[in-house]
Structure formats: C-alpha cells, structure tokens
Amino acid sequence: MGARASVLSGGKLDKWEKIRLRPRGKKRYKLKHIVWASRELERFAVNPSLLETAEGCRQILGQLQPALQTGSEELKSLYNAVATLYCVHQNIEVRDTKEALDKIEEEQNKSKKKAQQAAADTGNGSQVSQNYPIVQNLQGQMVHQAISPRTLNAWVKVVEEKAFSPEVIPMFSALSEGATPQDLNTMLNTVGGHQAAMQMLKETINEEAAEWDRLHPVHAGPIAPGQMREPRGSDIAGTTSTLQEQIGWMTNNPPIPVGEIYKRWIILGLNKIVRMYSPISILDIRQGPKEPFRDYVDRFYKTLRAEQASQDVKNWMTETFLVQNANPDCKTILKALGPAATLEEMMTACQGVGGPSHKARILAEAMSQVTNSATIMLQKGNFRDQRKIVKCFNCGKVGHIAKNCRAPRKKGCWKCGKEGHQMKDCTNEGRQANFLRENLAFPQGKARELSSEQTRANSPTRRELQVWGRDNSLSEAGEDRQGTVSFSFPQITLWQRPIVTVKIGGQLKEALLDTGADDTVLEEMNLPGKWKPKMIGGIGGFIKVRQYDQILIEICGHKAIGTVLVGPTPVNIIGRNLLTQIGCTLNFPISPIETVPVKLKPGMDGPKVKQWPLTEEKIKALVEICTEMEKEGKISKIGPENPYNTPVFAIKKKDSTKWRKLVDFRELNKRTQDFWEVQLGIPHPAGLKKKKSVTVLDVGDAYFSVPLDKEFRKYTAFTIPSINNETPRIRYQYNVLPQGWKGSPAIFQSSMTKILEPFKKQNPEIVIYQYMDDLYVGSDLEIGQHRIKIEELREHLLKWGFTTPDKKHQKEPPFLWMGYELHPDKWTVQPIVLPEKDSWTVNDIQKLVGKLNWASQIYAGIKVKQLCKLLRGTKALTEVVQLTKEAELELAENREILKEPVHGVYYDPSKDLIAEIQKQGQGQWTYQIYQEPFKNLKTGKYARMRGAHTNDVKQLTEAVQKVATESIVIWGKTPKFKLPIQKETWEAWWTEYWQATWIPEWEFVNTPPLVKLWYQLEKEPIIGAETFYVDGAANRETKLGKAGYVTDRGRQKVVSLTDTTNQKTELQAIHLALQDSGLEVNIVTDSQYALGIIQAQPDKSESELVSQIIEQLIKKEKVYLAWVPAHKGIGGNEQVDRLVSTGIRKVLFLDGIDKAQDEHEKYHSNWRAMASDFNLPPVVAKEIVASCDKCQLKGEAMHGQVDCSPGIWQLDCTHLEGKIILVAVHVASGYIEAEVIPAETGQETAYFILKLAGRWPVKVIHTDNGSNFTSTTVKAACWWAGIKQEFGIPYNPQSQGVVESMNKQLKQIIGQVRDQAEHLKTAVQMAVFIHNFKRKGGIGGYSAGERIVDIIATDIQTKELQKQITKIQNFRVYYRDSRDPLWKGHAKLLWKGEGAVVIQDNSDIKVVPRRKAKIIRDYGKQMAGDDCVASRQDED
C-alpha cells in the first residue's frame, strides 16, 4: 500500500502487473516484487526512493551493472526488476523481463554511439571554446570562426545595463571564452563610446604589454625556417599581429595562448574600471539590523565579484566575512549551524529572522538540535548524494532495521521504552516510527506548518496538500484559476509528513493524509456497526483488517462518510476514498500565478501620507470604483490596525464622463526595494521578420491579473474620505499589482514571460513579441491554422486569468502595435500631425520634438537642433517661446518631409545590412539602414556633440558607433557602412589622432557635402618659417592675465587680459601668433591643454576663442605645433615665460631643478620627496619623474597604510636573481629592513629577527606559514625577545598584504639602481635606503624613515601622558569661587597647568586659578580644610 503509493500510480501499476517474469511463463510481477526490491536496495545502502522515477531507476542500473558479472542470483534478480520498472516509468511496452533487458541494452548502445560521435566531432578541439572555436577545415588547416553578433549584442547590453558594475567581469569572461585577440578587440570596440573607461583600459593594456616585453626579450639572430616568431606585447593586444598569426600561436605545439593572456590583461583593466565605478570594499558590506539575510547575501556576492583576488581568497572571504558581518540575530543562528553549512542551509535558517534577541537565541537552540540529526529541514531532493541512515529500533545500531535484527528481542515499547504495550499502541508523543521511508523534519514529530515563502525558498518543487470545500470563499484575488473549486485553508506543506487530527466515531485520532493510498486504515479501535474481515497489502506484507462501512469522519472541519479499515497499521492513514469527498488535492506550483516576494528597502517602513480632502463627486466616483474592485477581489477592506496610508484621487478619463482612480504611490516607490527591469527597451518593427499571418493581442486589466505578495499588501493601504466626516473613512489595500507602483511592470513582465514560455516551447513556429500587455504574434502558417493557434494562446492565457478582449484583438492589417502601423510587407509610424500654432510654450516645443524624434526612425532628413536650442536653460513649462528664424525654417522643412507617407520594410536574415550616413550641416547627421536600395528598414538622425571642440570626422565616427550599436540591439549584427569621406582623409586623421576609435567595415560614397579635414598640421618643423614661442599666465585671485610670444627673429608681443584663466591665456597666445605670422609658421607651446585641442584638428567649437583659432588655421598653408616642458631653461620658452609672468605669477624660476634632477638620477626619488626637499611645485617635480626612462613605465607607487599599532612588523621571503631576500616591514609606517640571506632556514630567520628587535621596538611579527617561520628556532628567538608571533592568511587586510606590496616596490627600486651595484646585496641595501628616506607620501606626507620615528615618539609621549593622567586622577581638589569665601569640593583633578587647574565637580568642568585651589592626594579618607597637609600637597 505505502510502497505502491510512493513508486507506481494506478495506471502504471496495472502495466506492471501484466508483465511476465519469464518469456511465456505464468507468473507475473506483483506489488510484493517492488516491496522486495526496495528492501534489497536498503540492504545495498542505495536510496529506495530512486525507484519512484525513471531517472532514479537508470541511476540504480548504472550502479548495479558493473557488479552483474560477479554478483549473486539475488543481485541479478534485483537488476531485472529495476530494468522492468524503468520500462514501465518510460511507457516502453514490454511483455516480459527479457524484453525489458533487451530494450535497456538497446538504449545503452544508442547513447554510447552518440557519445562516440560527439567525441569524434569534437576531436582535439574539446578544450576549445564553443563561442569562438578555432576549427579544422577540410584541408586540415586551423581556421577561425568569427565572433557571433549574438555574443556582441549580449556584451553591449551588459555594459549598457550594468554600467561597469562588478557583474561585467564574469560576463566578459564568459562571453570571451576561447576568443582570439581580434575577437576581444571587436568586443572592446563595440563599447568604444565609453571613452573614459576605454582610456583606462588602454593604459592597463599598454602597461601589461610593456611588462610582457620586459620579461620576454627578443632572441638575437634570425628565426629558424618553419618556426614562428615569438609574440610581443603589441602582438598579444592584436595591434601588430594578423589573425593567422594569432591562430598559429594558439594552435602551435607548445601553444602560446595569446587570447587568454590578452583576456587576462583586459580583466585587470576592467577590475580598475569597476573599482572606479563601484568603490565598495567587501569589508564595508554589513547586514543591517532589520535587513533580510537574503538581501544581505545578494549585496555581499555582488561586491565580492568586484574584489581583485583569486578564487581561493574569495572563498576564504565568504567563509569568514559572510558570517562575521551578519547582524547579531543571524550570526547566532549561523554559528549554531556549524562551519560546514551550505548557503542554502544558511538562507533557510535565517528566513524571517529579526526582532528581539531572545527570538534569535530560541531559534539557535532549535537549530543546534536539528543539526545534530541527519535531516535539517531540507527536502531529500536537494541533497541527492546523502544516504539515509537506517537505525534499528531493537538494538539501536545503525545499518539494519528491527525486522532483520539478530539481537534478542528487547522487552517493552520501542518508542517510549516502557513495558506493557507495543510501539503501535504507544500514546507517547516523543518519537515516531520512520514510516514509509520518509524523514521527519523535526525530531519531536509534531505536525508543524511552514509558510509558503519558506517552502519556496527551500524546495525546488514546491508541493502543497490543500484541503478545500466548495462553500469557501476566495481568500485572495488572482488565485482562483480552477473555475469550479476555490482554495481555502488549511494548506498543508509537504515539508514534513501531513499528519492532522481527525474525529472518527466521536474519538480524536492523529492520521496521515495519504493521497497515494486507496483505503483509510486506522489502528485498533472500537467502532459502531457491523464489520467484515478483509486482507490488504502493506509495507511489511499483508495484514488482516476489519472493514466498517458508512462511518462518519471529520477532517479539518469537513465531514465525510465512507469505508474505514481497522487493523495493526503502524500509523493511521486517511486514503483517497475519503480525501476525494472533502475535495482534497495534491497541488504543484503550476496552478495559480506564484507571487513574487517583495520587501521594503532595509531599515525603511511603509508610507504614512495623509489623505487630502476630495470633492463630493470624486468621493462618489471612488466609492463606486472601489466597490466594483472589491467584488472582483482586486482590493479588500482593512481595519484601523494597518498604520500605513497612500493618498488617492480621481480624474476624468479622456473624452469621457467616466472617472478614473489614481493612487499617488510616490512615497511607497521611494521605500520599495529596487527591481531589475526585465525589458530595457521596446521591440522595433524593423527587426521583425516578414510573416504570412499576423495577429496583435492586448491583455486586458494586465496588472490586476497578477497577485501581490501577501506580506507586502499592507503597505498599499489607501483611504476614501467622507464629506464633513459623516461616516468613518473606508480603508482598502491591494491584493493585485497596483497601477503606478514601481514593482508592477517588472513583476508583470516576469510573470507573463513564465506563462508564455510553455506555449512558445510547444509551438516553436510561432513568433511572439511581448512588451508589457501588447502581444505581436506572427507565423508562416495559413490563416486558418494561424487563427486556431491564436485561440489556443488565448485559452492558455485565460487559464492563468489573463483575458484578451475582442475589442483589442486585431485580426486584419494594418495592425496598430507599440505606436507603429504594421502592414503585411511594410511598416510605418502611426500618422503624425504637427500642430499649427501662433504661440508656442516650452511644453508645446517638448511635445513637438518628441513627435519629430519618433518620426525620424522612418522619415529620413528630420532635424530638431534649432528647435532644441529654444529649450536651453531652466524654463517653466507654460513659458511662451519665440521661434527663431532658423527654428521656423527647420519646422517648415520637417512639415514638408512628413507630407508624404513613408514606409519601412521587414528584415530578411539572408541579406546583408547596409547603413548610409549623410551630413546635414550644423553638426547634424542623418542615416538609413537598408538591405535593398530605396527600401529602408529604418532611418534616424545624430546630432550629439560629445565635446566642446570637435570636427566632422570625429562626429562621423560617433554617428557610426551609434548606428552600429543600434543595429546590434535590433538585428544582432553590424551593417556595412557607406560614408561621405574619402579613404585618404580618414587615414590622415586616424593615424595622427590618438583617441581615434574603431569603426566597422565601410566604403566611400560620393554624397555631398563630403567630410574633409579643413587644415593639416605638419609632422616636422617647417624649415625657413618663423618660430613663435607662445605662453600665457593668469592670477587665480585677481583673474588678470597676460598672453604673448617671442620669435626666433627677435619679435615679441604681450597683451594684457582681464577675467581670464591660465588655459584661456595659453589659447590667446596661440591666436596672437597665428594672427601675426605668415602663411607658414612653427609654434612652440608649453600647454598640454592647448596642444590637445588643436592636435584633434577641430573644425567647430562652442568656444569663441577656439573658433577664431580654427579660422586662422584654415587660412594657413602650413602649421607646425610643438610642445616643450615648462621651466626647463629652453631658450625661447624661458624668455616668453619671463615676459608674461611679470606681475602675474608669484614664483618665477626655481634654482633647485638641477639639484633635484641629480638626486633623482641617483635615488629615483618620487615627486613628493623632491617637491618637499627642493621646494619645487608639484608639476615640475612630476615632470622630472615623467622624463626618467626608468620611472615612467610603472608610474607612482601608492603608499596607502593599514591602520595598525606601532609594534607590529610583517616578515616575508622574496626571491630575486636566484637569491633569497628576507624583508621586514613596519606596518604602520611602511619602513623596511631587508637582507639577502644565504638560505631560507629557521636559523637565518631567527638571527634576522633578533637584529631587528635590537634596532626597533618589535612587539608582534606577522608571517606566513613557511617552514622557516614555523621552525622552533624562530619560536625560541621570539620567546626570548618577548615577541608575539602570528601567522596569517594571504591578502587578509590584517595579514600579509603590506609586506607583499612592499616586496613588489622593493624589487622595482632594485631594478632602477641595479646597474649601479655589482652585487645584489648592495643593490638591496641601496633600495632600502631609497625607499625609507627618498620616497615621500602616504600619512603626513613623510618618508617611511621619518614616519617610523614620528610614530614611535608619539607612542612614547602618549604612554607618558597616560601615566601622568592616571597619576593626576589620584588627587582631589578643594577650591573657592571668586566671590564665595567657603571652600568647595572635593572635585576631580583633570589637568594641572602652570597658572590654573582643570577640575570636574559633579558633571561641570571648570578652570580654577592655582592660588584658589588646594590639591591633596586621595588616601582613601575624607580630608578637608586649609590645613598643613593640604598646604604641603599644594605644589605636588
């Protein structure tokens, strides 16, 4: 009976009992064979519940098959039974066991062949990525399969949506699996618009490439024939290598994985970018006092992804910080779970935890008891590998059950231990038999309910046993999906055995609700009426029972009359004969729409906004609307216990007398958790493929069909007021998604997607585009079949409570969808009418621009720049705007364009995409995307100016990138471009301009006006032309400035300027030089700012001054522009600097530059040290560092310090040139002691530690777990010197991070001075000197040597001060106020100065002159008066 319930359902059991044991034999399979098989599996320590599914049977067969050759007859019989059961589960028709074994063998052979075929297909490329495989062609050559548009599309979306948050890195890593450098560059180029991020990335790549070149020097001599050259850093980055070379390196033997190396560099750069965009440390992530544990875990893992550490370190961080930074309530529970708890167990345990701390203690105790047993509130399905521990009731040993126990039978009850009754008659509630091979969720065995939220969190297949009756009303809107039966409590979860109290013949009994049992069987009891004997099959074989008919049973408040069997059953069972009468069913989660759990933001409470007064007609309208909504179950009335409120009001519908209810959810929206938008953009008709049959549907009352989370409903409360407070106000809350609430769109979209998924899988030929409640359904079926499918879809939606009203069901073209008009072979935007007005307000212009932007996607040539100019500045919406002549002209042109209706066509995947761009002038561009000429898919415009100064080539590349990105989003691939620029012009700009970004494949098209560079800067100085040295200076306070030039022919000029800046004066100087020079000119500036602007060759600018410079440049025949560093004593530059600095700059020339340069050549000091020691401006000191070829590669070392106490040192061994360097770092200051040691032994390390302790106060040393540090010699040395030794974990902020960083810096300095020393040990000591005394920065701007002395001195002073304070507190003070002759006190002495003392009398702190205070020592007795004792102590 129980086995039948758990293994085979009724229909399958009939099939089982028809199968013969042997071919043409008489005996057939019976229920007892399943019972026997389950017992045998227990004997072999295999989970018997695997028999319940085909997959489980397949797993058992896999375990048994290897043992068949040597196994016993019993094992073979078990294999045969399980094989037959597998065929029954899989609905494979077999007549006997032999046929079943043949079918199994046939299936195994097929799967083997498939595996072999897959292996053959994959070949050696099994390790190659599936995204971008390098495959072998028919000729045996390794060829590259280009990156897919789908992958590019995914990458662009990730960057646009995540905006360089931590998730970008794992996403990039996944999408770029196995990519070549060319693929990686394509990925980077598609997001080239993010210029700041890309510049950071470029810098990282350059640094890593330089490091690669340093570590992999080029081998001298020619390359041997047939050998490949070794890749340089720039080859790995794909800039100087071809695709074939990259493939060659990656497939060579041995391979050089250039793709993986480049990917690693990019990820390093992305880490930096992520750090910039989300600078949160994992240490800052702490759980709020009331924050749900699940939300805390989400934040924790999001930040963890951004941490720059290896996976091992991240695992350690998770183990340590996740529990450590939880709030006290959760931390108590997590510690009780033990160190080996999984994340799922943690989430389960902390579900709903919060409130008083005693609640957490109670839960912790409960959890510690639960964790001691084998089952921890988790379904068996979650941990498939766990074996059930079988324990004998008789002897108590593990491994067998009482029936098979060989020990003598134990007297008394196995359940409670008392004599006089057996276990089946036991009334003790303590422990229950392990019936039907199910684990109890709680050891106490009491039936407890878990909330549906917990069930969903813990169980992958949420099952609930629900009991209902037809007379019960619906408890929640949106849950009644059956039509005939409405749900009501109780809902009994299957988290544990569903045991309920039932009333039978006036007696109360606990019984198990068993939907798998046919009959109701109860343990021995007296029932009224006649009975007849019967035999039934049970777990332990057959049992004899008494059958009573027409017995009244009450279950959960529902009555039923039926047959009851009474006999020796180990547990009372209510079977299907009674459960069906009371309407009990087993429910899986696919019935009603599952509510999405919603929370408020951590630490926030619901809205409490007062309802404002409403007019009588509005109140009447709201009452009428709410009454109707309440009848439909969308809202329900609430009492005064709900403290939350949101204001409600009513407006009249457009062109109607009907009213519409609006709720102002702004306050609730601020307090509600954030949601991830499922859809970030709307689908575009140009991306639709042409379909034979099309239908457009609209979901009616979309939001009101989806239930709102029960726990969140209280926050949606609103109130309808009454006139003059006649009656109490009516209060409601929402049961469904409200209009205007921030969560409604995301929850509706995700619910709708889940509901449509099964229909899409069943009907792959149907294309469904879903955006909110609009559905576009297309297919290539004949119209009749298509309409049948549409009806199926409507019925499918109706099952889930979504209606598709006929009024909005569009069957015939043109279809109105998402603001578009769709025809069978073309599309357009819905008709656009531009208003005719005499006066335009700001709001009118905004609406007009919106309409024109919408029209521009199919009407080519639309312009809005002049209209947008009218909206500049902060203006009120109702302010009247006067149209300029340019704006009127632009509007008239747009009206002309819109007169003729224009249509777009649909996408054909078999044809290429082509995009053509034209220049319209005034920084505006228009483009068309098509597959066939004159049949546009879509059109558009671009008019964005990314910088203040730009030129047409730069704008053209920006327009191209916009079109490419748009194409990837709509069609998943980039088009071929036709651009109005000649190749020569493009190449001239591309080669010179450092910030030039990638554009896809393109060709020149002669569509005037052509894009051209209006002037060209020369690459070399112009011989014979006059050279102008230009400079400018401005005073920040007075805003006065000068600009001027000095020429190599003795000419000079200076002009005075007012209200200016340094940057403006530098540009003004260049303008002067261009004005006063001939057709050819050389200009030398020391301004990087001016150089950067002019080298980009702008032809338009928002700056009037730059526009004037552009005019002058266009007039010239040749211009050469050069930059020199300022204050370097360069002839003309120094003269003009003196000229413009007079009376403007406070500091002129500095004598210390030469000395600083000499010092830097010897010690390679950083710029802070030089600025401090030689009194140089930072810009000059930085320039000296930048011009040093040994310092410019890596830039500045950061001197961030860990906040540690003064006595802590970190020690570590590092290796260089095959020798060992032992490094000690004073953590608080960064001061280094280092030595080359002959061997990494305990003896050498101990000697070094004793030397260190003899020089500096060492209290604690922190080391790794190296054998030299853990040796007894080092321990003995530390014990003798009184040093505490600690061992750390790598990268723990209080562990080895500081010394690891210092090792790197020390090696860098050694590299800079290595050529100055013959031996490494000399170079090490030189590097230590430079680091400790020639590098400044970090805390206080000191060098490390200055900092350690300062820290130790401060520590000594602080300790001495503390001693004095402690000493002072042993005194009492009696004092007199100015007018009062009486002595007051005693008071506490806080400080004793020369002329006064600071005292504390009660809570008041006072300053009293010394002459009016008597200070006495506290001897523990009361002392008062101006006596000799007090006098003697006066001067103490």
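Residue 1 is the first one shown; counting continues down the chain.
Backbone N, Cα and C define each Cβ position, glycine as well.
Keep in mind it's a predicted model, so treat the numbers as computed, not measured.
Summarising the annotation, Swiss-Prot assigns Mg(2+) 1 binding site to Asp698, Asp773, Asp774. The annotation domain 'Peptidase A2' is assigned in Swiss-Prot to 509-578. What Swiss-Prot lists as domain 'Reverse transcriptase' is 632-822. Look at Swiss-Prot and you will find 1022-1145 tagged as domain 'RNase H type-1'. Marked as N-myristoyl glycine by Swiss-Prot: Gly2. According to Swiss-Prot, the region 'Interaction with Gp41' annotation covers 7-31, on the basis of similarity to another entry. Look at Swiss-Prot and you will find 8-43 tagged as region 'Interaction with host CALM1', backed by similarity to another entry. Residues annotated as region 'Interaction with host AP3D1' in Swiss-Prot, with similarity to another entry given as evidence: 12-19. Feature annotation from Swiss-Prot assigns region 'Interaction with membrane phosphatidylinositol 4,5-bisphosphate' to 73-77. Residues or ranges marked as region 'Disordered' in Swiss-Prot: 106-128, 446-465. Per Swiss-Prot, region 'Interaction with human PPIA/CYPA and NUP153' is recorded for 189-227, and the stated evidence type is similarity to another entry. The annotation region 'Dimerization/Multimerization of capsid protein p24' is assigned in Swiss-Prot to 277-363. Residues annotated as region 'Dimerization of protease' in Swiss-Prot, with similarity to another entry given as evidence: 490-494, 538-544, 577-589. According to Swiss-Prot, the region 'RT 'primer grip'' annotation covers 815-823, on the basis of similarity to another entry. Look at Swiss-Prot and you will find 16-22 tagged as motif 'Nuclear export signal'. Taken from Swiss-Prot, the feature motif 'Nuclear localization signal' applies to 26-32. What Swiss-Prot records for 986-1002 is motif 'Tryptophan repeat motif'.
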Next on the checklist: Using a Cβ cut-off under 8 Å, which residues of the same chain at least 6 positions beyond either end of the region 'Interaction with membrane phosphatidylinositol 4,5-bisphosphate' (73-77) come close to it?
Outcome noted: 40, 64, 67
Item to check | Distal contacts, the region 'Interaction with host CALM1' (8-43) - CB-CB under 8 A, six or more residues away | outcome: 50-51, 60, 74, 78, 81-82, 84-85, 88-89, 94-100, 390, 401, 437, 516, 537, 539, 541
Item to check | Positions whose Cβ lies under 8 angstroms from the region 'Interaction with human PPIA/CYPA and NUP153' (189-227), at least six residues beyond its ends | outcome: 152, 155-156, 159, 164, 233-234, 236-237, 261-262, 265-266, 268-270, 272-273, 276, 946, 958, 961-962, 964-965, 968, 974, 995, 997-998, 1193-1194
Checklist entry - For Asp774 (Mg(2+) 1 binding site), what is the tally of other C-beta atoms lying within 10 angstroms of its C-beta? => result 19
Checklist outcome for this item: Confidence over the motif 'Nuclear localization signal' (26-32), expressed as mean pLDDT on the 0 to 100 scale, is 87
Next on the checklist: With DSSP assignments reduced to helix, strand and coil, which class does Asp774 (Mg(2+) 1 binding site) get?
Outcome noted: strand
Checklist outcome for this item: Cβ density check for Asp698 (Mg(2+) 1 binding site), other Cβ within 10 Å (all protein chains) comes to 18
Next on the checklist: What does the DSSP secondary structure composition of the region 'Interaction with membrane phosphatidylinositol 4,5-bisphosphate' (73-77) look like, as residue counts for helix, strand and coil?
Outcome noted: 5 helix, 0 strand, 0 coil
Next on the checklist: Across the motif 'Nuclear localization signal' (26-32), what are the DSSP residue counts per state (helix, strand, coil)?
Outcome noted: 2 helix, 1 strand, 4 coil
